[in-house]
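These come from TrEMBL:
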| type | residues | note |
| --- | --- | --- |
| BINDING | A:LYS107, A:LYS149, A:GLU180, A:ASP181, A:LEU182, A:VAL183, A:GLU188, A:ASN271, A:GLU272 | ATP binding site |
| DOMAIN | A:111-301 | domain 'ATP-grasp' |
2 protein chains.
Amino acid sequence: MNYFSSDFKLGILGGGQLGKMLLADTRKFDIQTFVLDPNDEAPSRFGCNNFYKGSLMDFDIVYQFGKLVDLLTIEIENVNLDALDKLEEEGLPIFPSPKTLRLIQNKGKQKDLYVQNDIPTSKHLRFVGLDDLRNSLAKDELEFPFVWKSAQFGYDGNGVKICRSALDLVKLPDVECIAEDLVPFKNELAVIVARSFSGEIKTYPVVEMEFHPEANQVEYVICPARIDEKVTQKAQEVALKVSETFNHVGLLAVEMFHSEDSEGNDIILVNEVAPRPHNSGHYSIEASYTSQFENHLRAILNLPLGNTDSKVAGIMVNLVGEEGFEGQVVYENIKKIMAIDGVTPHIYGKRETRPFRKMGHVTIVNENMNEARRIAEEVKNSIRVVSV
Amino acid sequence: MNYFSSDFKLGILGGGQLGKMLLADTRKFDIQTFVLDPNDEAPSRFGCNNFYKGSLMDFDIVYQFGKLVDLLTIEIENVNLDALDKLEEEGLPIFPSPKTLRLIQNKGKQKDLYVQNDIPTSKHLRFVGLDDLRNSLAKDELEFPFVWKSAQFGYDGNGVKICRSALDLVKLPDVECIAEDLVPFKNELAVIVARSFSGEIKTYPVVEMEFHPEANQVEYVICPARIDEKVTQKAQEVALKVSETFNHVGLLAVEMFHSEDSEGNDIILVNEVAPRPHNSGHYSIEASYTSQFENHLRAILNLPLGNTDSKVAGIMVNLVGEEGFEGQVVYENIKKIMAIDGVTPHIYGKRETRPFRKMGHVTIVNENMNEARRIAEEVKNSIRVVSV
């Protein structure tokens, strides 16, 4: 198959920032792209060859969009899977496959899969709704504290709540959900695995994540993670096992907790996965030989995977909307941070900011990790996403 | 001025591959772009916010285009300068300025400027046309061999011819031209200087260029150049002096010959300059902390310049159309080269190939220069730009 300056058409479901960064690589390779997104101000509306506005959850829209292209991928998991099933039946290559997406879309099924495949993960219970969960509490099958997660449609900390008492249940939506053990962890780690159609596999280095305590969004992603070689190796092994279980094509970002067992031994527990480019891999644009976006493309197009090693240490700082600001965005002090060596802002192209909205990120690269970490903090303390 | 996700509009005259690569960074920063190009299949027609088809040499078209934007830059020198003069008079910031462009558009004026400013360059004579040049030969003011250059509108080896006898003059066009001494050189070098509106200056490392003997197009660009530290320093100094002379805003790519004087001392002679991103800086996308394209943007927008140092060694191989092939392009063996670590193809997006047409480039990066050089040759010997 000839993809480069050819008639080949790649369809992308979703036009957010992940799609936008993927488009940078389709432009580099001159691969034709069709993008579908419900928002006509979507970040990916520029940089693609054809942009379509429409719901990703609508069977007809997704199906008709799929009929326009030669291969379909996603940049968001929440898409109409029945349409994808039909398109796949009719012969359209779709990566990740609807089967993989179905397993991942539902956190209950995802967790069951880990248990079935001996993949270490925190204990969980599945519930059809809140009454079901309350019954379980009443019967002492479930105990506080636990982590409540909506089984479907959660993202960026939405659909997740730590429940310490019955009070925390009051505002929860009555939807299919899971309850997980609250794991005390030392670190949150992630490994992105690239797997091509032909089965070629490469893993990115283990990264370390620091979350914003309130918004439950990643604040810093640090590559490589500052952890023991033994833990690094274990995390890589677990990520590869998860990748094998899903048998995905494209990227699989595996989020993990680094914790310890009752005897003080290091353990790795899988938290959740995303079958696409992931926030934890944004550093790769500047730090890696091949960015996660390019490797997602390479994988789904069955091209050889690129080198996932890093040229230099990389740290990513998310740019999220400040609390108290809503309206047309201004990136305060962006000039100040751009004056620092190795600092690259990425602005996603959302005109309106609101509290905790992901508006962009900044990558800091440096030969020296300590220096990168120092600069990352300076960046974090300088730039503010506010409104005019 | 707020450029990021704002109403600010950047105009770019020219929509070729340089514009296309510049657009990757305007997308990264979410800066609105307007592009003008005569070809409605121009590589930059995607990735900009608004694409206009029209002649870059037409006063009215360039003037009207300029009225749409808040700041104007170019990715090709051959544009209507009268329109730019008028726009500048009316207050539009234009970088590089029409004054700089006027000096550079005419190779005779450019050479005169070097002489006036004590910038080392090969000896030259200016002629209004071929008869004028023939007279000079008859009077022995000019002697074979010499390098004939069209004063205007040359690019990529067009408009340049080495003349060794009267026979070589037969097919030359009767246009304003210069004749330069044919300089025996050890190396062709280039230095890209970024200079922002506020006067901040940074230089990229000295690169070494190898040309295709027939097409007179660059085959390899090697960064850093494998030359003595003393020569490196001299080349940097000369490039800075040229930059100072033009007083440009944005990038200035300074092409130089590394030669020796009659006593065997190393000398640097300026060949010519380009006031924009340049083929000799393409390696910077993968190898540098800040690519030449990002620094061009930073410079013209008066943002702080980014670090011009390299993370790793970089080599660029041009992809030009093979002789004997014309029609819809195919990149033979592209999968093979993508399997090599550190190899990134850039496909410019021209559907039709023809002999020696610039269709793309490949960047090879590696921690080890010798290894990069070995791989570059492998790439060069593998990939072929042919037609279906």
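All residue numbers here begin at 1 and follow the chain in the order shown.
Cβ from N, Cα, C; glycine included.
Around A:GLU188 (ATP binding site), a 10 Å sphere centred on its CB holds 19 further CB atoms from the protein chains shown. Every protein chain shown contributes to the tally, and the Cβ of A:GLU272 (ATP binding site) ends up with 18 other Cβ atoms within 10 Å.
Following the DSSP three-state reduction, the secondary structure of A:LEU182 (ATP binding site) is coil. Secondary structure at A:GLU188 (ATP binding site), as computed by DSSP, is strand. Counting every protein chain shown, 23 other Cβ atoms lie within 10 Å of the Cβ of A:LYS107 (ATP binding site). Counting only residues at least six positions away in the same chain, the Cβ atoms of A:LYS111, A:SER122, A:LYS123, A:HIS124, A:PHE146, A:VAL147, A:LYS149 sit under 8 Å from the Cβ of A:GLU180 (ATP binding site). Classification of A:LYS107 (ATP binding site) by DSSP places it within a helix. Around A:LEU182 (ATP binding site), the C-beta neighbours below 8 angstroms that are at least 6 residues distant in the chain are A:PRO145, A:PHE146, A:VAL147, A:ILE162.
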